[in-house]
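Per Swiss-Prot, the features are:
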type: DISULFID; residues: 32-56; note: disulfide bond
type: DISULFID; residues: 49-64; note: disulfide bond
type: DISULFID; residues: 78-109; note: disulfide bond
type: DISULFID; residues: 90-113; note: disulfide bond
type: DISULFID; residues: 96-108; note: disulfide bond
type: DOMAIN; residues: 26-68; note: domain 'WAP 1'
type: DOMAIN; residues: 71-121; note: domain 'WAP 2'
type: SIGNAL; residues: 1-19; note: signal peptide
């Protein structure tokens, strides 16, 4: 019985720790969609809107609309990696599909035969 109680308390502590851990949030831009005639909820700021809607400019001043989320492009370019000349299919699984899935400054780049999180090559600007 003591083992079950200890296990339950351990699981509760783990759940609490995971809930407090900072989550990775990729940088994004929020854009307002084109206004439609069916939108009637007027607003002055995002605080006037419900749920995930935001206050967007409209002919009436402002209306609550569901925003368009656009990923912010990351700096740099992917390093060049020569693909191996293999006669068989690649059996590696990709780690990512686009840059928004990568932490920090890393980019989602082709490496050998799958997509990987890689450090970008930053272009130097001529002075």
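Using the three backbone atoms N, Cα and C, a Cβ is placed for every residue, glycine included.
Since the structure is predicted, the reported quantities are computational estimates derived from the model, not experimental observations.
Sequence features, as recorded in Swiss-Prot, placed on the structure.
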residue : record         : Cβ contacts under 8 Å, 6 or more apart
32      : disulfide bond : 54, 56, 57, 65, 67, 68
49      : disulfide bond : 41, 43, 55, 64
78      : disulfide bond : 107, 109, 110, 118, 120, 121
90      : disulfide bond : 112, 113, 114
96      : disulfide bond : 102, 108, 115, 116, 117
Which of the listed disulfide-bonded residues (56, 108, 113) has the least company, meaning the fewest other Cβ atoms within 10 Å of its Cβ? 113
Within the same chain, the residues 6 or more beyond the ends of the domain 'WAP 1' (26-68) and with Cβ under 8 Å of it are 100-102
Tally of DSSP helical, extended and coil residues in the domain 'WAP 2' (71-121): 3 helix, 13 strand, 35 coil
Can you count the other CB atoms that lie within 10 A of the CB of residue 109 (disulfide bond)? 21
For residue 49 (disulfide bond), what is the secondary structure by DSSP, using just helix, strand and coil? coil
Let me know the model's mean pLDDT on the domain 'WAP 1' (26-68). 83
